[in-house]
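According to Swiss-Prot, the feature active site, proton donor/acceptor maps to ASP146. Per Swiss-Prot, Mg(2+) binding site is recorded for ASN10, GLU384. Here Swiss-Prot flags LYS17, HIS206, LEU207, GLY208, ASN209, GLY210, ASP281, CYS282, ARG283, GLY329, ILE330, GLY331, GLU332, ASN333 as ATP binding site, drawing on sequence analysis. Annotated substrate binding site per Swiss-Prot: ARG89, in sequence order. Annotation comment: Swiss-Prot describes HIS178, ARG239 as site 'Transition state stabilizer', evidence class sequence analysis.
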Amino acid sequence: MSQKLILVLNCGSSSLKGAVLDNGSGEVLLSCLAEKLNLPDAYITFKVNGEKHKVDLSAHPDHTGAVEALMEELKAHGLDSRIGAIGHRVVSGGELYSESILVDDEVIAGIEKCIPLAPLHNPAHLLGLRAAQSIFKGLPNVVVFDTSFHQTMPEVAYKYAVPQELYEKYGLRRYGAHGTSYRFVADETARFLGKDKKDLRMVIAHLGNGASITAVANGESRDTSMGLTPLEGLVMGTRSGDIDPSVFGFLAENANMTIAQITEMLNKKSGLLGISGLSNDCRTIEEEAAKGHKGAKLALDMFIYRLAKYIGSMAVAAGGLDALVFTGGIGENSDIIRERVIGYLGFLGLNIDQEANLKARFGNAGVITTADSKAVAVVIPTNEELMIAHDTARLSGL
């Protein structure tokens, strides 16, 4: 009998991303992306054997309709009977979950309890989870939380300096994100360098449209840049990152903006997009900065400066630095950003190897610092889907 496959789902409020993986080899046999869910022109795109095709979802434009279309596609390729379990990415498990878990009614209630911590994401994850339970009847479901990896942070790192009853009553603290990526990359970095991860003090930068950075020591998260929500920390595609909280009062008073408007502005209209006035896409920002566009140049400069500053602070949290790791779409592909960031870090004993830095792109891992550097900087491609598949297989007994 052929080995059971794992279906991995990642649901957003208007999207559903899916992949069918062979847990042993990590091969992706089928992938899909549903977009514009809950709108009349919803659709889903499937990719199988390098071929793409689109299916209209206008008759059932919700998450359930997307999962139904996925089931039909699996049947068409004879894959439906080979699915052994389903793994779901969930943004926030709050303090309830420090590791991945097999889904039951109690877990669903727990994810619901964490909705205030991820109001944009957790409701969508629940829609996808319920759709999977109803359409893939009898299959085990596993949830993998973005926040779990950071539950090892010490109190000095996760607490905010506010009245403590706010933490006790409302769970107001730093939770972090991208934990599944950090767990995968920490393991891969140790394997790539031929070391035990418990012997490595790592600072890992997960850089994409959402960007964060984490200090890892003894294989565990010691501190991270994202906070109560993913808004804290680095300059991102559309998020401001760190900002003086009194900005809310200032804008309410002087610009007549509501809390909801300010929150949306800081999450969706700030970052690279807000500074440049052009785009949230780092590739566009790099191209336009090279052509002399002032806004793009400033956006790139601010992104790099904030990142370098955070690397220094995360080296403190890790107790030193053995390996600086770049991952995520920007971290894996932008040799320009990596070189400029490392240019700030000579005081940590890091020197860029320009040739190696150019080679470490498009899925290629590699050390990008010179042999005489006191620590290494390395590029390690992330694979959150594979990490979710591994957890799902383990917890469902496959």
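Glycine is treated like the rest: Cβ placed from N, Cα and C.
Projection of Swiss-Prot feature records onto the structure.
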residue: ASN10; record: Mg(2+) binding site; Cβ contacts under 8 Å, 6 or more apart: LEU16, LYS17, GLY18, HIS88, ARG89, GLU385
residue: ASP146; record: active site, proton donor/acceptor; Cβ contacts under 8 Å, 6 or more apart: ARG89, VAL90, VAL91, SER92, GLY176, ALA177, HIS178, GLY179, THR180
residue: ARG239; record: site 'Transition state stabilizer'; Cβ contacts under 8 Å, 6 or more apart: GLY210, PRO230, LEU231, LEU266, ASN267, LYS268, SER270, GLY271
residue: ASP281; record: ATP binding site; Cβ contacts under 8 Å, 6 or more apart: ASN209, GLY237, LEU272
residue: ARG283; record: ATP binding site; Cβ contacts under 8 Å, 6 or more apart: SER334
residue: ILE330; record: ATP binding site; Cβ contacts under 8 Å, 6 or more apart: LEU207, GLY208, ALA211, CYS282, ILE337
residue: GLU384; record: Mg(2+) binding site; Cβ contacts under 8 Å, 6 or more apart: ARG89, THR180, SER181, PHE184
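DSSP gives ASN10 (Mg(2+) binding site) a strand state.
In this structure, LYS17 (ATP binding site) is part of a beta strand by DSSP.
Considering only the recorded positions LYS17, ARG89, HIS178, the Cβ with the fewest other Cβ atoms within 10 Å is that of LYS17.
DSSP classifies ILE330 (ATP binding site) as helix under the three-state reduction. Spatially close to GLU332 (ATP binding site) yet at least six residues away along the chain are PHE326, ALA360, ARG361, PHE362, GLY363, VAL379, PRO381, THR382, judged by Cβ distances under 8 angstroms. For LEU207 (ATP binding site), other Cβ atoms within 10 Å of its Cβ number 26.
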